[in-house]
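As recorded in TrEMBL, the features of this protein are as follows:
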type     : residues     : note
ACT_SITE : 2            : active site, schiff-base intermediate with DNA
ACT_SITE : 3            : active site, proton donor
ACT_SITE : 58           : active site, proton donor
ACT_SITE : 263          : active site, proton donor
BINDING  : 95, 114, 153 : DNA binding site
DOMAIN   : 2-117        : domain 'Formamidopyrimidine-DNA glycosylase catalytic'
DOMAIN   : 238-273      : domain 'FPG-type'
């Protein structure tokens, strides 16, 4: 599933290409996404001009001039956005379920083989986010806010960081990488982290996410940028999917894999405690 860096990259590229663009036509080729696309979807979007594009957690929010309606996009497990110029327009792939054509000739296509993604036109999308935690790259995410969020949490720190109510947008990849950088064992109880460890973890999360965004995200299977290029942060993984390899930090222990809540966790038992 795309995590914060991958969604941020897509959102930035959409903003650069589509801000002030007017939708000429919307073609829905498959309505059965995570949420069924209603019959009025196309009509409600045609002739609207994009005025804003921003990310919240793993969602992309598209705002329009003259209306409070917002198009809320979630990429699900395998979704991706393709942006094409009029000269690049090609025959549609069978998994390209929604196609936006703009008056400039540009196209935006939503591709999703597994159909866990969604496109929903909402009047008040803020209702989606009132329980979602702070953005990790914002000033709202600090050592104090993290420490307060972990008080009395009896789950592991790995599980706590995956909880979108505590922090927005993190998934398995970047939690594993951040815990390794902060030298914190993923099975530690969240409530037991001291202020110093929380400070190290906040710093690690911010640095890992910034590096991942700079590298275009991580492409393991599905993620592509809007021009079809892959991200490259997977080449910088210290622990994720590195089972059996030497730890790049200590160069002594090998990376191990365990299951937590049926999800793989990668760590170095020498560096992380």
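Glycine residues also receive a Cβ, built from the backbone N, Cα and C atoms like all the rest.
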Report summary line: Widest Cα pair spacing in Å over the listed DNA contacts 95, 114, 153 is 41
Requested in this report: Let me know how many other Cβ atoms fall within 10 Å of the Cβ of residue 263 (active site, proton donor).
Outcome: 14
Query - Neighbour tally for residue 95 (DNA binding site), based on other Cβ positions within 10 Å of its Cβ - result: 17
Requested in this report: Give the distance between the Cα atoms of residue 3 (active site, proton donor) and residue 58 (active site, proton donor), rounded to the nearest whole Å.
Outcome: 6
Report task. Give residue numbers and ranges for long-range contacts of the domain 'FPG-type' (238-273): same chain, 6 or more residues beyond its ends, CB-CB under 8 A. Result -> 156, 158-159, 172-173, 176-177, 179-181, 183-187, 220
**Report entry** Residue counts (helix, strand, coil, in that order) that DSSP gives for the domain 'Formamidopyrimidine-DNA glycosylase catalytic' (2-117)
**Finding:** 20 helix, 45 strand, 51 coil
Query raised in the report: C-alpha of residue 263 (active site, proton donor) to C-alpha of residue 58 (active site, proton donor): distance in Å?
Result: 19
Requested in this report: With DSSP as the yardstick, break the domain 'FPG-type' (238-273) down into helix, strand and coil residue counts.
Outcome: 0 helix, 12 strand, 24 coil
Report task. Express the distance between the Cα positions of residue 114 (DNA binding site) and the residue listed as 'active site, schiff-base intermediate with DNA' as a whole number of Å. Result -> 13
Query raised in the report: Cβ-Cβ under 8 Å from residue 153 (DNA binding site), same chain, 6 or more residues apart: which ones?
Result: 160, 189, 190, 191
Query - Residues satisfying Cβ distance under 8 Å from residue 2 (active site, schiff-base intermediate with DNA), sequence separation of at least 6 - result: 10, 58, 75, 79, 80, 217, 222, 223
Query raised in the report: Three-state secondary structure of residue 153 (DNA binding site) from DSSP?
Result: coil
**Report entry** Reported mean pLDDT - the domain 'Formamidopyrimidine-DNA glycosylase catalytic' (2-117)
**Finding:** 94
